Amino acid sequence: MSIEAGTLFVVAAPSGAGKSTLVNALLEREPAISLSVSHTTRPPRPGEQYGRHYYFVERAEFEREIAEGIFLEHAEVHGNLYGTSRDKVGTLLAQGRDVLLEIDWQGTQQIRASKPDCVSVFILPPSRVELERRLRGRGSDAPEVIERRLANSRGEIAHAHEFDYIIVNDRFEAALDELQAIVRAVRLRSSLQCRRHEALIAELLA
Ligand SMILES: Nc1ncnc2c1ncn2[C@@H]1O[C@H](COP(=O)(O)OP(=O)(O)OP(=O)(O)O)[C@@H](O)[C@H]1O
Ligand SMILES: Nc1nc2c(ncn2[C@@H]2O[C@H](COP(=O)(O)O)[C@@H](O)[C@H]2O)c(=O)[nH]1
């Protein structure tokens, strides 16, 4: 590991809880964080761009990439395959950049196994009624896709306690403040910061 290694943040949530909206707002406040762009076999939604929202690939290509070992983690979620490129994340962390992954609980378990220093956050909706309202209100998915995601949400929420932090995304600005507070607190105890403090303490004690 590089001496200047950055922090790996992982954010997960049931579909529709507001994870992407929160993460995008966080990146505006904290532009030094790099968002990892995942690979997926899900078809693009209207307006989604290759390389910006996802690397959209066919299932056969994704399976070839799994066999080649290019993924740091990968999982099947709501009937589609999703994965995080090992090289891109590794290079950014080694350069001292903080990296954020927006992935599901299965991927988070894999990341935790290989990178135990990662900081994981689970976003909860304030209620099931509100989760459904957000999923339908987003207008991005077919009714049967929404039904499937709502049904899967129970199994996803059952893993919330495995995460370092849980945020309830009820009032958006309050949830965003909490997410930013986590990032800032983690940075204050980063290895780089600790070395600076050690140097100052040594100087003050000399
Ligand atoms: N606190 C909030 N209050 C009301 N609406 C919200 C709030 N947070 C997000 N939303 C809205 O809820 C919808 C779903 O949000 P978003 O797309 O960010 O969910 P997601 O968790 O990333 O879902 P997916 O996993 O499917 O990508 C969006 O229309 C978003 O504007
Ligand atoms: N394990 C992974 N899960 C991922 C990754 N990228 C996204 N996701 C999760 O999939 C669902 C659905 O996303 P959507 O864009 O189709 O709405 C959501 O929970 C994402 O967090 C990944 O690389 N690995």
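Yeah, the Cβs are placed from backbone N, Cα and C, and that goes for glycine too.
Note that the structure is predicted; figures quoted are calculated from it, not measured.
The domain 'Guanylate kinase-like' annotation in TrEMBL covers 6-184.
Residues or ranges marked as ATP binding site in TrEMBL: Ala13, Pro14, Ser15, Gly16, Ala17, Gly18, Lys19, Ser20. In the structure as shown, the Cβ atom of Ala17 (ATP binding site) sits within 10 Å of 26 other Cβ atoms.
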Cβ under 6 Å from an atom of ligand 1: which of these binding-site residues qualify? The list is Pro14, Ser15, Gly18, Lys19, Ser20. Ser15, Gly18, Lys19, Ser20
In the three-state scheme derived from DSSP, which category covers Lys19 (ATP binding site)? helix
So what's the average pLDDT for the domain 'Guanylate kinase-like' (6-184)? 97
Cβ-Cβ distance under 8 Å, sequence separation of 6 or more, same chain as Ser15 (ATP binding site); the residues meeting this, in order, are His78, Leu135, Arg149, Asn152, Ser153
